[in-house]
Structures are given as structure tokens and as C-alpha cells.
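In TrEMBL this protein carries:
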BINDING   98, 108, 136, 227  substrate binding site
BINDING   227, 251, 255  Mg(2+) binding site
BINDING   290, 291, 292, 293, 294, 295, 296, 297, 298, 299, 300, 301, 302  NAD(+) binding site
DOMAIN    6-361  domain 'Isopropylmalate dehydrogenase-like'
SITE      143  site 'Important for catalysis'
SITE      194  site 'Important for catalysis'
Ligand code: IPM
Ligand code: MG
């Protein structure tokens, strides 16, 4: 049976378009080998959109994102636009998509592939077998709180302002996602805030504690201060199963956790909204890495995080667990065969570029599919 799913593809800036080209091979393979047809449209975001349309994201793109079954996003950010006003920066594209589509739960897995345990800057015995899921709140907190801005003081000096805000319902809905995920995994949630200095953190802790007592007593809940969590992630990362935290701490801790796996170039993410009356759930999938302008256009970027983001898309938006697992297995096999892009290169391995890596994944998919 052929199913047609509507995908909006937004490659963005820097290495985004290059790694997206490799995902296109995997998408095409799904159509060919598994009868999963995608109705794909593509548009510009970030600096690429600024260059053509003068804005980081057009309203039409937001509308198209709402109408799509899922959005596959590359990365945005380009030093060329470093001096434009804050509301015109390339990064606005992803922030606006998250906010306009209500994508409040950013799922950032940090999973170590066996073949890459050596590529981590930490000792292999500390990271081998690591499998944690960071659930980062992604439409609230200090990223969006007001008042915000830069104002001039009477003496001519300036003051920069941002505001951390969390409401009970914002905390509950993201905590629910974390508890539900934990039930399908190791049944442990660690809630992370700074309740020792921030009222919003204190409320966060109270709300998570109460929700846990009411609805999730079968899951183990612990609490940790964000600074301690950063330390614990490096000291003994395998103590964690699911971590749930606010927008800013989640941004920092997920970058940190990604490096445990060997490279930022390996990690996918999913950002999910609320299920609507018709059972549809807005969702966007993107690698954790940025646009990496320093290596853009050189054909050396690691396409695996973008390919694994497509696997997450199949799993979370379309419940195609078998296909998602197939892609993840293909990636694991390619790594086990010794192919490495520059970011995960280690002695004795074969260094390849972006497209050779993408082709290798497709070849592996063919083998696995028999
Ligand atoms: C991320 C990125 C974004 C963020 C930037 C590009 C706005 O760092 O997705 O982690 O800070 O959320
Ligand atoms: Mg980040």
C-alpha cells in the first residue's frame, strides 16, 4: 500500500542544504523500497530567505508548515547577517516556527553508537552504551519572555533585559511528554532547574513534583540543579534516562550531551506540539548541530544527524517504527564498517565526505531490506 505524507523541507543555511541532499536519497529509497511516498515541498529559511525575500521566514512558509504532516528542518545561521536587527536574524526562522506551531517539546536524544564510543572526548567506559533523552521546553522561558530588549539609561549606558517565565500549564505539558517517554524507556525522569536562585525554577520543581504524584507514580522522579546536571553529565552520564528542563538549560545541556556521543554531527531532534482535535500533531525535525559556516560548501559535513532526524520523523509523526529502526541500523552498520566524516574521524578509519556517507547509508538500507 502506498501512503502519501506531506513533508515540508527547509534546508536553511550553511551545511543545511548539503546534508539535506543526503536525506533526499533516503527519502527516495523509502519510496522505492518500502512504498512510502512523500509529497515534498521545499522553501527557504534563515539567511537563505533573507537574501531573497528580506526576511528570515515568510508567513507563507509558516502556513505551509502548519499544513504539512511534518517539517524537516536543516539549520539556520550565517555570519553574513550578524549585524542585522534582532528580529531579522536567520535564527528567527526556527524560533518562529517553534512558536507559531506551538512546538513545545524538543526531544534531544544522546545515544552513543557502539562504533563511536572511541570518538567521544570522554573515556569509552564512561560513554559506551549511553542512551539518554533530553526533553527541552522550546516555546517558553527566557527565549520568549517579556520584557526584553536593550534600553538606554539616563547616563547613556545601556541595559539588556530578558525574562524567564514559566506557567503551571507550560511546565505540566512538557513534563507529561517526559514522563510518557520515560514509561517507554528506563522509567526515570530527572527534572532540572535552578530553584536555588530562580522563582521560575522553584515553580517548575513544584509543578513537576505534583504532576508526578498525581499521574506518574510508576516513574521514578529526581530533581537536579542545572549546574550540577552539567557536571553529572560529564562525570557519569549513564545515570540519566530522561531529563526534562526549560528552554535555555535544555539548549546548553543538549549541546553538552551531544559531545558525549562523539560529535554534534550525530544528533537528531524532534520538536512536537500538542495533538489537535483531529489527532494531528505539529512536528519539526532537525539536527542539533548548527549551520557550521566554517565548513559549509566543502562537502565534508556529517549528514548523519540530518538522516537520523528523518528517522525520528518516521517514528514520531508516522508511527513507522520499523522504517525508523532500519535507518538507525543502517547508520550503525556504516559506522561499524569504518566510514567516518571528518568530525568523527579516528585513527585507522576511512575518512569520507558528505555524499559518500549518504550513499553508504542507502547501500546499507538495500542490504538490510534484503
Ligand atoms: C538549537 C539552536 C537554536 C536555539 C538557535 C539556532 C536559535 O541553538 O536549536 O539548539 O538556541 O534554540
Ligand atoms: Mg542550541
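All residue numbers here begin at 1 and follow the chain in the order shown.
Placement of Cβ uses the backbone N, Cα and C atoms for every residue, glycine included.
Features per TrEMBL, on structure.
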residue : record                         : DSSP class
98      : substrate binding site         : helix
108     : substrate binding site         : strand
136     : substrate binding site         : strand
143     : site 'Important for catalysis' : helix
194     : site 'Important for catalysis' : coil
227     : substrate binding site         : helix
251     : Mg(2+) binding site            : helix
292     : NAD(+) binding site            : coil
302     : NAD(+) binding site            : coil
Binding-site residues: 227, 251, 255, 294 - member with fewest neighbouring CB atoms within 10 Å: 294
Mg(2+) site shell beyond 227, 251, 255, criterion: Cβ within 8 Å of Cβ centroid: 226, 230, 248, 249, 250, 252, 253, 254, 256
C-alpha spacing of residue 143 (site 'Important for catalysis') relative to residue 98 (substrate binding site), in angstrom: 11
Neighbours of residue 227 (substrate binding site) among the recorded positions 143, 194, 251, 255, 290, 296 (Cα to Cα, within 10 Å): 194
Nearest recorded site to residue 294 (NAD(+) binding site) by CA-CA distance, among binding-site residues 108, 136, 251, 255: 255
Rounded inter-Cα distance in Å - residue 298 (NAD(+) binding site), residue 108 (substrate binding site): 27
List of residues, in chain order, with Cβ under 8 A from that of residue 300 (NAD(+) binding site) and at least 6 apart: 341, 342, 353, 354
Recorded positions near ligand 1 among 136, 143, 194, 251, 298 (Cβ under 6 Å): 251
Sparsest-packed of the listed binding-site residues (292, 296) - C-beta count within 10 angstroms: 296
Cα separation, residue 251 (Mg(2+) binding site) to residue 194 (site 'Important for catalysis') (Å, whole number): 15
